[in-house]
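What follows is one structure encoded as structure tokens, with my remarks underneath.
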Amino acid sequence: MSQQRPSLLDLSGSQEKMGLLDDRSEKSPSELESESSYEFNNPTSNDKTAQWLPILAAPAVKLGSLHWRQLFVRFLIFLIPSFLQGRIIRDTGRPAKLFPTSYLDGMRGLASLFVYFCHYSYQAFTIAEGYGCGETNYHILKLPFLRLWYQGPAAVCVFFVISGYALSYRPIKLIRSGQWSEFSNTISSLTFRRLIRLYLPPAISTLMVILFLRLGLFEYTRQFATDRKFHKNIMEPHPWRMETTREQLSDWASQMFKFVHIWDWGGGGGRVAYDVHLWTIPIEYRCSLYLFLVIVGTARLQTRMRLLSVFGIFVFTYWNSRWDFLLFLAGMLLAENDLIRGAHDSVLPKDENDKSTTRKCTTSWFWDALALLGLYLLGQPDGRGEITPGWIYLTSLIPTWWGAEPFRYWQGIGAVVFIYAVAHSSFWQRFFNSGVVQYFGKISYAIYLMHGPAMHIVGYHFENWAYSVTGLEGYQYNAGFFLGACFCIPTVIWWADIFWRAVDIPTVKFAKWFESKCVVKA
């Protein structure tokens with residue numbers, strides 16, 4: 001008797017569609033379904049142990065009800081990148097919904113991709129110096145604007161401004177509408193879930209590194225990772241395999257404890273040896289907590305006094321050279337500015353609708369030009385700006401008392417100017433809302449977490465092969481670099497896509513569920 005085969009559509013599953021600043025008070029059916037799925041039909045039971053049994057038993061029950069072939073097919077489908085599944089599987093799903101600030105998702109996605117390009121490039125070439133600096137920096141890719149493709153520090157500045165904007169937008173919106181009860185719930189929820197959102201995915205990604213270390217996968221690329229003939233500039237530390245698994249896990253736990261680095265502002269604190277790229281996450285968490293404190297502390301003030309107070313804190317932060325928190329505060333000010341001018345209202349103010357075509361065109365050109373200015377400032381060279389054409393004068397304007405790295409100065413200003421301009425530019429918003437860019441926005445955190453392990457385990461194999469084909473001298477080395485990139489970039493995107501669906505989305509759901517189990521019910 002033949003067994004009916006399940007359709008591929010049934011096996012494909014569904015994925016959560018999220019915007020950066022979607023209004024949680026108007027939940028979509030998918031959100032309501034995902035949250036209600038954690039409610040269990042045993043309200044009369046007083047046995048706490050019994051309440052947890054369905055959670056623990058659910059995976060085993062689900063797996064037991066599936067045939068092993070179905071599991072294998074589902075696994076294979078899951079390995080297919082999400083952007084290809086719709087072409088292979090009969091896809092009847094709706095396109096992802098765009099929110100008024102979805103362009104910030106796209107911007108963050110490209111910034112994350114450029115951080116990976118930075119870490120891929122700086123191992124082979126000196127990328128910190130700008131075009132015309134000295135006698136050797138005359139490659140076309142070092143020109144202003146083009147260098148942004150691989151300028152990681154500039155992308156980090158964009159991250160921090162967007163984080164400040166995203167975290168403060170809804171609380172400030174509730175403050176301005178006088179919804180104090182909802183504001184209290186929102187700021188409490190943001191603070192509670194922030195630790196889980198930021199730290200659970202990297203905890204899992206570094207545990208994956210531990211697993212790969214114990215399986216010996218890092219040993220296959222160790223010779224390449226430690227050979228100077230391949231890494232002519234920066235040689236990233238290759239994770240070290242300890243003698244025992246217990247020793248490795250103990251070391252991981254110790255590093256995770258230090259990873260929550262909130263007690264001082266020391267640079268580089270909280271770095272993790274299992275992925276050296278994660279140094280920005282402790283900064284994100286620390287600045288998030290300070291931002292929440294500022295929001296709560298100024299919540300009851302009149303709008304004018306709140307803006308004045310936040311600006312005063314902004315100036316104080318600037319005088320203390322805290323570039324990271326400065327960018328968070330800038331994001332907060334940009335969020336309130338957008339709320340004041342009704343940037344995300346469904347209906348434009350009357351004076352906006354009455355603008356003449358000529359005035360609209362002039363205004364559009366102004367904001368597009370301002371965005372280009374922001375991009376130019378974002379391209380400040382990371383080093384030797386004082387002798388770089390186009391940056392000699394600007395570098396001289398950096399205050400002598402500025403205690404942070406000099407390149408943080410104009411890059412930070414450029415990030416604020418660019419995001420401020422894009423908020424007024426329909427052209428730039430259409431670009432960042434395009435399908436490909438929005439996809440990178442969805443997997444942005446996964447790219448950030450996965451590009452290190454993916455490169456050290458798989459990418460180095462491709463690079464080693466590429467250099468064996470092209471050679472290592474002169475332009476042969478450059479050809480090998482670009483040939484390797486043709487394989488490394490898709491590999492990182494594939495790993496990130498899987499991690500996004502397997503870890504990142506479930507982490508968001510878990511944080512909501514865990515909060516619902518911990519909070520006091522109204």
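Backbone N, Cα and C define each Cβ position, glycine as well.
Caution: TrEMBL annotation is automatic and unverified by curators.
As recorded in TrEMBL, the features of this protein are as follows:
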type	residues	note
COMPBIAS	19-30	compositional bias 'Basic and acidic residues'
DOMAIN	103-498	domain 'Acyltransferase 3'
REGION	1-43	region 'Disordered'
TRANSMEM	71-89	transmembrane segment
TRANSMEM	110-128	transmembrane segment
TRANSMEM	148-167	transmembrane segment
TRANSMEM	198-217	transmembrane segment
TRANSMEM	308-335	transmembrane segment
TRANSMEM	409-427	transmembrane segment
TRANSMEM	439-459	transmembrane segment
TRANSMEM	479-500	transmembrane segment
Return the stretch with the most CB pairs under 8 A relative to the transmembrane segment (409-427), choosing among 148-167, 198-217, 479-500. 148-167
Mean pLDDT, the domain 'Acyltransferase 3' (103-498)? 94
Which sequence-distant residues neighbour the transmembrane segment (479-500)? Criterion: at least 6 residues beyond either end, Cβ under 8 Å. 78-79, 81-83, 116, 120, 124-125, 201, 205, 442-443, 445-447, 449-451, 453-455, 458-459, 462-463, 465-467, 469-472
Near the transmembrane segment (439-459) in space but 6 or more residues beyond its ends, with Cβ under 8 Å, are 18, 20, 83, 96, 102, 105-113, 115-116, 119-120, 201-202, 205, 208-209, 212, 217-218, 220-221, 225, 236, 238-239, 275-278, 432, 484, 487-488, 491-493, 495-497, 499-500, 503-504
